[in-house]
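**Student:** Found this in TrEMBL, in case it helps:
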TRANSMEM  23-44  transmembrane segment
TRANSMEM  78-98  transmembrane segment
TRANSMEM  104-124  transmembrane segment
TRANSMEM  145-167  transmembrane segment
TRANSMEM  179-196  transmembrane segment
TRANSMEM  248-266  transmembrane segment
TRANSMEM  278-297  transmembrane segment
TRANSMEM  304-325  transmembrane segment
TRANSMEM  345-364  transmembrane segment
TRANSMEM  410-427  transmembrane segment
TRANSMEM  447-470  transmembrane segment
TRANSMEM  476-498  transmembrane segment
Amino acid sequence: MDSLQKQTLNPNKHLKEQFVSNLHGSSILEIAALLTIVPLLVLLRYSIGLHCRTDNNGKAISSKKNDDDIVVSRNWKAYTYAISLDFIFIVFPMLLFFTVLSEWVYLGAVLLSLLLLLILSVTAKRSSTALQRAGQSLSFRASVSSYRVALMLITCLCILAVDFTIFPRRYAKTETYGTSLMDLGVGSFVLANAIVSRQARDVSSGFVIPLSPPLSIIKSFVTGSALCKLSPTFSCNCFRNWITGLKATAPLLLLGFIRLVTTSGVDYQVHVTEYGVHWNFFFTLAGISILTSFVNIPAKYCGILGFTVLAGYQTWLVSGLNTYLLSDERGTDIISKNKEGVFSILGYWGMYLLGVHLGYRLFYAKHSNIRSTTSSIARVFLVSLLLWIVTILLDNYVERISRRTCNMPYVTWVLAQDLQALGIFMLSRYIPMNKLSSLEEAIDQNLLATFLLANIFTGMVNLAIDTIFASPVSSLMILSIYAFALSAIIGTVHFSGFRLKFW
């Protein structure tokens, strides 16, 4: 009987799943241009100045770009003004290039690059003087923070925008092979956190994988055993460290199960071929965390292990595993139902290990300087160039790039693209009196909260609106309101002095 039929909160679930299925992505060049625009927008925002800094308690510190004196002020109006400027010059242009200006990506990248070069040439003479007066330039650590925040903003914008027709289908996740903007998400978060992990910094007491979500910025502590020697206490120490790592992975597993239960409970659309029937990104993060805690070696050897893992996994893929993973065939067992998520852990773990090694060699080894010096910037761009060459060779002669399997070409593509973006962020050292923007600081202090809030908003919008039938004008208005509300709420939390951490 009709009256007894199951009611659903998401009547167009099937249509929405089809809307993000069977896609083939865009070109590597277009994604590279798009990911060049994002850091350029941030650097241009730095050049404008007019930041509203905060003290250690998160209270507003009102200042102008070239003021020698910083006046502390708990002025909500000044802080609101700064956050609004950040939204206007960073977030809103990003949203436009991801949607209605997607056909102007190449021109946008060129014009923004020329504009930044013009600004840098004008400020070049006073740059050295300003940096000497300030005593330091924006450090590599701050550049990574800026990159991670930009990655979070991209993620937050895309997870909702992908459900609207104004978001180009070529930017949504690919079905089998190919490259797209959203394909970079999971790999970029894994790599960004590998580069700044305690293991990469050669902290012998252990290392942290603060794996940021796309979907996440989740702090997953994994105790290291690098100091363990062959001694009577070796097994005991390693066992204790591994158990500690497993306990710390519990929040990731908890979030994974919460996502699984909630999406099933509200009949939310799920693209099964992304990770599997039950799997999601949180489980992938937990898998990486467990593997890294179980096999913990010094950063200088992580590159060898990472390459070995990736080479073995790639050999397995081309020997027939890729046919199984990319097929529609699914058995009744739990592994077969979640084959993409289970097997791709090997690729992401190899990526994490290579990221640890690159972070150590490029930034933390004795020959490196943690400041964004010209030599360190040059090294980053050089390594990125070499990885681009390797990516093109692998994509053409071994196997096409596949996020779904996380094969070796995908790993090198993520490495090349992310290092290129990070290198652009590091150019901030040439902007006098540079400083993380107010919105960047707010999101950086509340990464996990930002992601969780974005997911709540995304779910609410999808359940309240038939996004695939919204007009372009309505879509852009909804996305703009969503982005501004997200920025405003996180900014308010930061201004109030709170730092939302859940464990």
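Cβ coordinates are placed from backbone N, Cα and C, and glycine is handled just like the others.
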**Student:** List, by number or range, the same-chain residues at least 6 past the transmembrane segment (304-325) whose CB is under 8 A from its CB atoms?
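**Tutor:** Hits for the transmembrane segment (304-325): 295, 297, 339-340, 343, 346-347, 349-354, 356-357, 398-399, 402, 404-405, 407-408, 411.
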**Student:** Go through the chain and flag residues at least 6 beyond the ends of the transmembrane segment (78-98) whose CB is under 8 A from any CB in it; none is fine as an answer.
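**Tutor:** Contacts with the transmembrane segment (78-98): 34, 37-38, 41-42, 44-45, 48, 50-52, 60, 62, 104-105, 108, 153-154, 157-158, 161, 167, 171, 181, 437-440, 442, 476, 479-480, 483-484, 487-488, 491, 495.
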**Student:** Please indicate, using numbers and ranges, the residues of the same chain that are 6 or more beyond the transmembrane segment (104-124) and have a C-beta under 8 Å from a C-beta there.
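**Tutor:** Contacts of the transmembrane segment (104-124) (Cβ under 8 Å, skipping residues fewer than 6 from its ends): 30, 33-34, 36-37, 40-41, 43-44, 47, 97, 427, 430-432.
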**Student:** Can the transmembrane segment (476-498) be said to touch the transmembrane segment (145-167) if we require at least 3 CB pairs below 8 Å and skip pairs under 6 apart in sequence?
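**Tutor:** Since 3 or more Cβ pairs under 8 Å link them, the transmembrane segment (476-498) and the transmembrane segment (145-167) do come into contact.
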**Student:** Per the definition of 3+ C-beta pairs under 8 A with sequence separation of 6 or more, do the transmembrane segment (447-470) and the transmembrane segment (145-167) touch?
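**Tutor:** Yes, the transmembrane segment (447-470) and the transmembrane segment (145-167) are in contact.
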